[in-house]
Amino acid sequence: MAALTESDSWTGDHLVEQGLISLSQFDQARRLAEQWNASLIDVLLARNWIDPAEYYRSLSERFDIEFVSIREALPDPDLLKEDDVSEYMRELAMPWRKRDGRIVVATARPGPECILFSRRRWGRDVSFVVTSKFDIHWAVQNVFSDQYSQRAVFELAERDPVMSAQTVFTPAQVLIGWGLMSAATVGLAFAPVATLIAINLLMSLFYFGNFLFKAILIWAGGSHQTGRTREVNAGVRMLRDEDLPIYTVLVPMFREPNVLPIITNALRQLDYPTSRLDIKIVLEEGDTETIDAAMALGLEGIFEIIRVSPSEPQTKPKACNYALRFARGDYVVIYDAEDKPEPDQLKKVVAAFRQAPDHIACVQCRLNYFNRDENWLTRLFTLDYSLWFDLMLPGLERLGVPIPLGGTSNHFRIEVLRELHAWDPFNVTEDADLGIRMTQKGYGVWLIESTTFEEANVSQSNWIRQRSRWIKGYMQTFLVHTRRPLHLVRTIGPLGVLGFVFFIGGTMLSGLLNPIFWGMFAIWAITRTTGFDELFPPALLYLALFNLLAGNALITFIMMLAPFRRQWLELVPFSLTAIWYWVLMSAAAWKAAVQLITKPFFWEKTDHGLSKQTAVEVALATGQTEERAA
């Protein structure tokens with residue numbers, strides 16, 4: 001536990017004398033600063049115990065230096081250099097303007113250290129004004145927004161173009177697709193029955209392999225993480241607050257002012273030193289409604305609003321790339337607007353990273369829903385997510401198959417994320433793509449036992465919009481990572497390729513193929529036609545019947561297993577209605593296929609805040625915020 005510095009002690013006494021904080025607040029802040037090994041003012045601002053504007057004006061009076069709001073008195077952009085931005089943010093000092101030929105440095109941390117840094121950086125003949133650290137952050141965003149926006153969109157495409165989805169189909173892929181369609185056309189023209197049997201056989205074998213692979217995943221993931229869970233929990237108990245790293249939290253949002261209180265309140269509940277949290281609420285510059293809502297909340301000093309300059313494509317990964325420029329943490333995590341991570345999640349991740357081998361660059365936490373019992377769709381969606389995060393992803397990890405990350409609650413070593421050029425703004429499931437790309441670059445993913453709860457879709461039309469975007473992103477991911485088949489085999493291995501084909505390819509292809517086979521079966525069942533007999537010679541007929549009966553029964557049984565881990569046994573009977581859920585998935589898959597051709601980079605926005613439970617969560621969060629303010 002570090003003792004309070006002489007400067008912090010002086011600052012605390014000064015703020016008490018000025019009436020800006022109470023003696024009780026000073027005592028509490030001092031204890032927390034010593035416990036967290038943080039500065040006193042960082043604790044006060046993080047806890048919202050002092051008004052930032054009043055503090056920085058008090059600072060200017062203390063040092064007898066002019067106070068300037070550089071949001072209003074804008075800095076001279078010619079004095080600022082993009083390469084020095086990280087230095088400005090770290091030192092909280094930047095060149096503001098020139099007066100009488102001298103550079104005037106705007107600082108939020110006046111004192112001897114700032115004077116030494118500024119003279120070494122800009123020469124001895126400098127003068128100073130005081131501003132707030134929030135104004136420095138805002139000024140940097142304002143001056144370099146166009147450059148940052150350009151890089152957020154094109155950095156991956158320019159630095160590693162073969163890994164970018166900016167090109168939807170490569171010439172080689174177009175040629176292969178044309179060749180396959182030509183071969184099928186010629187076959188149908190000259191040997192239609194044999195051609196249809198061959199196509200039928202390939203699709204039936206694919207179904208069989210997909211069912212078998214999922215069964216193996218469930219077996220592999222069923223008891224994979226008990227040992228790691230014990231080790232991580234033991235590691236959390238060994239953590240000391242003063243040794244914890246700065247943790248960046250990115251919360252990208254678009255037109256979601258109604259659910260903003262949920263995530264801000266959930267982040268306040270995190271069991272992590274608040275002075276070591278670097279939270280970025282990432283908003284589109286034109287989304288004035290959400291920006292105004294965020295400003296109206298009177299957020300603490302740990303929250304910073306990042307305004308993303310308008311550019312295309314307008315996607316979540318582009319917004320995250322933009323905000324990553326301002327991240328100060330050793331680790332970074334993505335949360336969605338309605339997320340409620342478990343309070344100890346960040347500490348569990350820190351413990352996991354400290355125990356993990358050096359090549360582990362991401363820790364994926366589990367996702368599930370807080371409104372699982374609201375209607376039929378939320379129950380099936382919960383079964384789907386429970387199967388995915390509690391059984392299948394652990395199975396992928398155990399088998400050494402690349403893991404497509406979930407869209408939220410994935411935690412990264414920030415230096416590796418930057419090395420990989422972060423997210424692909426042209427891929428609408430940037431998370432899944434990044435998980436595969438990380439594996440190809442030699443990095444790995446760990447899964448741990450910590451859950452983030454969010455809102456399950458209550459509307460079928462809204463669900464189809466969301467799921468069609470996910471499947472379109474899987475199609476993009478499949479196309480990107482199969483551009484170099486030999487490279488894919490070398491980097492992730494034959495088993496990894498097989499898992500990738502069935503897990504990514506199977507998810508999208510089964511949704512496209514299901515209606516065809518369902519239609520054939522329905523026609524046969526209703527009409528008893530013999531028209532399909534030629535297409536199903538005996539061996540193929542038995543395989544197709546096995547897929548139809550045993551395969552679908554297996555998937556239904558697997559869905560029954562999904563809620564057992566969490567003891568949500570009331571959901572088990574609803575797995576028997578999964579066929580109707582698969583119908584919705586097929587509708588989403590065909591919509592995704594059409595959009596891949598017509599609007600590949602279009603981000604189909606999901607509306608949040610439709611659930612009755614979300615309204616309850618917002619009310620609870622708002623009430624707790626009001627109590628805190630009182």
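Counting starts with 1 at the first residue shown.
For all residues, glycine too, the Cβ spot is worked out from N, Cα and C.
Look at TrEMBL and you will find 63-147 tagged as domain 'Type II secretion system protein GspE N-terminal'. Model confidence over the domain 'Type II secretion system protein GspE N-terminal' (63-147) stands at 92, taken as the mean pLDDT rounded to a whole number.
Among the features that TrEMBL reports, transmembrane segment is placed at 168-191 (among others).
Here TrEMBL flags 197-220 (among others) as transmembrane segment.
Per TrEMBL, the feature transmembrane segment maps to 497-527 (among others).
If you look up TrEMBL, you'll see 539-561 (among others) marked as transmembrane segment.
Feature annotation from TrEMBL assigns transmembrane segment to 568-590 (among others).
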Sort out for me which stretch, of 168-191, 197-220, 497-527, 568-590, has the most Cβ pairs below 8 angstroms to the transmembrane segment (539-561).
197-220
Can you name the far-off residues of the same chain, 6+ from the ends of the transmembrane segment (168-191), with a Cβ under 8 Å from a Cβ of it?
198-199, 476, 479, 482-483, 596, 600
Take the domain 'Type II secretion system protein GspE N-terminal' (63-147) and count its residues per DSSP category (helix H/G/I, strand E/B, coil), listing them in that order.
40 helix, 19 strand, 26 coil
